[in-house]
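These features come from TrEMBL:
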DOMAIN    8-135  domain 'Nudix hydrolase'
BINDING   ARG29, GLU40, LEU41, PRO42, GLY43  8-oxo-dGTP binding site
BINDING   GLY43, GLU63  Mg(2+) binding site
Amino acid sequence: MSSNKKIIVEEVVVGILLNKNGQILVAKRRNNQFMPSYWELPGGKIKAGENKKDSLKRELSEELGVTVNKSSLKHTMFHQYPNKVVKLWIYNVDKYSGEPSGQEGQDTSWCSLDQLNNYKLLPTMRVIVHKISLPEHYWITPDDHHSESVIEKCREHLIAGTMIVQLRSKVSLDHTYIDKVYKLCQDYQASLILNTPNKTYQELCDGWHLTSNELLSLKERPCDNNKLLGVSTHNALEAEYAENISADYISLSPVNSTPSHPDIPPLGWQVASDIISKSNLPVYLLGGMSKEVLDKALSIGAQGVAGISQI
């Protein structure tokens, strides 16, 4: 006989507190809590009928002894545990007063995003860390590789503040060329993501970007967690599959029609918004994107935008 057991959905609000050094505050779960000794963002359950921002204020006051003066929604996500589903409402704590400390006997710690890997983190924290650390835009290289003009264009983007460069090519690239771009990115503390065929996952870079065909050929994450893994997606099913193989972010395209792919019907902003709302991963929008529409992308929950010519 099939079970009709009702799935419990527990709604939780958490806060991202950053200090002047850009460090994030994490708290250690107590021994009498679910998943004890794991580290997490401060927060807790939303009470019935309680406004989410009011819940955030109450939880951070009770847990940390701080008063939240201003907050903004960063992300929502679901996580499946063996006995329940948790929906997380993740807020940036933009302004607060008081000095945070463990008011309920819990340990707290300020740490850089790079140091978080040294902590025993709740499963939900990995996605949250990427939402915090990934930039609001990244640049994709044009197709004319092995030319000094592309190298100079890359340098211009890095000088302007680009923090992720996706080196994209439909043909395999010479390792010397990849190394040159990688070292250039290192000079500006930026990350190089490779989107090239015949990936070995041993190339000198900070991560890899999969095509949708490469994605669908995989059954698990192909690289270590200390590297970034991005995926090109074009619909909700591909976005879900990317999450299943533990990708770190996805690109979603085309949102608008583009001259380079005039025969591909665009998704449009509403469909993009619907896909974003169902994905736990950070989502970058592609297809007719520019920095001028960044605010619109952020307003529907995207991590940001990406592109070649207008980014």
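Glycine residues also receive a Cβ, built from the backbone N, Cα and C atoms like all the rest.
Locations of recorded TrEMBL features on the structure.
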| residue | record | Cβ within 10 Å |
| --- | --- | --- |
| ARG29 | 8-oxo-dGTP binding site | 17 |
| GLU40 | 8-oxo-dGTP binding site | 20 |
| LEU41 | 8-oxo-dGTP binding site | 25 |
| PRO42 | 8-oxo-dGTP binding site | 24 |
| GLY43 | 8-oxo-dGTP binding site | 22 |
| GLU63 | Mg(2+) binding site | 20 |
* Could you give the Cα-Cα distance between PRO42 (8-oxo-dGTP binding site) and GLU63 (Mg(2+) binding site), in whole Å? -> 7
* Asked: Could you give the number of helix, strand and coil residues in the domain 'Nudix hydrolase' (8-135) as assigned by DSSP?
  -> 27 helix, 51 strand, 50 coil
* Asked: If the 8-oxo-dGTP site is taken as the center of the Cβ atoms of ARG29, GLU40, LEU41, PRO42, GLY43, which further residues of that chain fall within 8 Å of it by their Cβ?
  -> VAL14, VAL26, ALA27, TRP39, GLY44, GLU63, LEU122
* To do: Averaged across the domain 'Nudix hydrolase' (8-135), what pLDDT does the model get? Just tell me the whole number, please.
  => 93
* Structure fact -> Spacing of the two Cα atoms, GLY43 (8-oxo-dGTP binding site) and GLU63 (Mg(2+) binding site), in whole angstrom, works out to 8
* Asked: What's the longest C-alpha separation between any two of ARG29, GLU40, LEU41, PRO42, GLY43, the listed 8-oxo-dGTP-binding residues, in angstrom?
  -> 11
* To do: In whole Å, note down how far the CA of GLU63 (Mg(2+) binding site) lies from the CA of LEU41 (8-oxo-dGTP binding site).
  => 11
* Structure fact -> CA pair GLU63 (Mg(2+) binding site) / ARG29 (8-oxo-dGTP binding site), Å rounded to integer, equals 11
